[in-house]
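Engineer: As annotated in TrEMBL:
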- 19-515: domain 'Major facilitator superfamily (MFS) profile' (DOMAIN)
- 57-76: transmembrane segment (TRANSMEM)
- 117-135: transmembrane segment (TRANSMEM)
- 142-161: transmembrane segment (TRANSMEM)
- 173-194: transmembrane segment (TRANSMEM)
- 206-228: transmembrane segment (TRANSMEM)
- 240-259: transmembrane segment (TRANSMEM)
- 280-302: transmembrane segment (TRANSMEM)
- 314-335: transmembrane segment (TRANSMEM)
- 342-361: transmembrane segment (TRANSMEM)
- 367-396: transmembrane segment (TRANSMEM)
- 408-429: transmembrane segment (TRANSMEM)
- 488-511: transmembrane segment (TRANSMEM)
Amino acid sequence: MTEDIRSSGRGGEPGNGWLLAVTSLAAVLMTLDITVVNVALPQIAADLDAGLTGLQWVVNAYTLVFAALLLPAGALSDRTGRRRMFAAGVAVFTAASAGCGAAPGVGTLIACRALQGLGGALVMSTALALIAGAYEGRRRQSAIGMFSAAGGAAAALGPLVGGVVVEGLDWRWIFYINLPVGLLILASTALKVTEDRGPDTPSSAGRFDLVGLLLAAGALLGVNYGLVTGPEKGWTDASALLPLVGGVLLVPAFVWWEARRGDTALFDVRLLRVPSFTGAIVLSFVCRVVSFGVLPFLILWLSGMLGHSPLQTGLRLLAMTAFIMLVAPFSGLFLKVLPMRGVMALGTAITAVGLLTMARVGPDDSWLVMLPGLVLLGIGGAIAFPPLMGIAVGVVPPQRAGMASGMTNTFFPLGTATGVAVFGVVFSARIGADLDDARLAALKVPAGSRQAVRDAVEAGQFGQLERMLPAPAREPVLDAARAGFTSGLAQICAAAAVVSLFAAVTSWVLIREKDQLTASTKEPADATA
């Protein structure tokens, strides 16, 4: 049995400092790659002669594989060793990055992006479990705060970093810059990070749950694929509807199968009897619906309607990113004056207030109208997110930390896909209502061009819209388009604020201090006592 870091190390030891640095750097690398590629899509299209479908798969190949394999990877790490799984993930991701950078065509690029998703799943499902094993109590919360700050900052900095690299070098360098960082993480892991499988891991004695893996991967892949393709293809199109329905139907089959497996299950469903763990899963999903569901439309407003370059857009998002980086490492201090559920409720409530201030945006406003809201989003997320991750691994037995981390992380990409899909429906409906045929007819837009006008507004392509309009109708239509776009954005922000308030209530109801006190010594079946 490998030595457990929980018993051999504590938060103040040098080895744990190395572990935190290595996992945080990995979080930056994996998270940055999700957002940075969006900035490079125009160059990729021109260089590789890629069409719209190919470009969408450059983005989605990473996301879908990443989402489908987080839970299996987390559970497998409890059996095989978390450091081993972490290092394997970094190696796969680094090699795939080299393939992406050297890709001669869009097909190769898509395949390598899928391999990046595999590597990312192996890393992100085990990093949190490694931290949970190395730290305890408030030191664990502070460590998770730093880890979360690194990942959150990387997500928000993606457009800025992508803009700098693409404008200064070439799109291939957004992948090549991963190589030295990946090699540094591998070397540091080998030299400074101790193996950790968790004490007395029950699943190590039984056969691996291959059926559970296939059911989980199929369900997650189907649901995420349906959510990603639905906005583009239409929700009634078979290519979106069938995977979505199939994925949903696999969920009860997965739960039934896992309940039969007991200690050898890929996911121990008895963990759901712990209210705090269930709350952590719900909040993981809801928080991503809010944060990453709103972000694409905010970027569209900054770059498409206001005309800021990728670099300028990234700089403006620093209003949020800077406060994530500044506040998250100190989020554990709030636990000295508030219970865990109070900290979570405070963070999500601050986020709701920030979104409500952003819902005031109008067609003639500059980006400064969003500044207070962006600051509050950064502060709220920095307060709420680190304790959330600590709850997920702090209310389960240590030997289930990888499983718990994998399950919680699984709901992040699912929340992102759901947020983008649902808010996309809200956004399109608002623009469709504001720019209906009657309104566009009154503005002298020909019948054959009206849907093209709505499509251009939804995509934030105001430059293209201006070029396609005849001179007499140009300014009136652009004014109406700006009004419709900002009306849709305001509705998204208002809806996200309501979801954030739901998260605050959920935090207060489900998160319990006594779960933290008992989970480390009890099995899941007993943890509700």
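Even glycines carry a Cβ here, placed using N, Cα and C.
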Engineer: Are there residues at least 6 beyond the ends of the transmembrane segment (142-161) whose Cβ is under 8 Å from a Cβ of it, and what are they?
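Structural biologist: Tertiary neighbours of the transmembrane segment (142-161) are 11, 16, 20, 23-25, 27-32, 34-36, 38-39, 127-128, 131-132, 134-135, 174, 292, 295, 299, 310-311, 313-315, 317-318, 320-321, 324-325, 327-332, 381-382, 385-387, 389-390.
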Engineer: Do any residues, 6 or more residues outside the transmembrane segment (342-361), come within under 8 Å Cβ-to-Cβ of it, and if so which ones?
Structural biologist: 283, 287, 290-291, 294, 301, 331, 334-335, 369-370, 372-377, 379-385, 387-388, 391, 486, 489-491, 493-494, 496-498, 500-501, 503-505, 507-508, 511
Engineer: Considering only Cβ pairs under 8 Å, which range in 117-135, 173-194, 206-228, 280-302, 367-396 makes the most contacts with the transmembrane segment (314-335)?
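Structural biologist: It is 367-396, which has the most Cβ pairs under 8 Å.
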Engineer: Give the one range among 173-194, 206-228, 280-302, 367-396, 408-429 whose Cβ atoms make the most pairs under 8 Å with those of the transmembrane segment (117-135).
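Structural biologist: Per the Cβ count, the answer is 367-396.
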Engineer: Over the domain 'Major facilitator superfamily (MFS) profile' (19-515), what does the predicted model average in pLDDT?
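Structural biologist: Across the domain 'Major facilitator superfamily (MFS) profile' (19-515), the average pLDDT comes out at 82.
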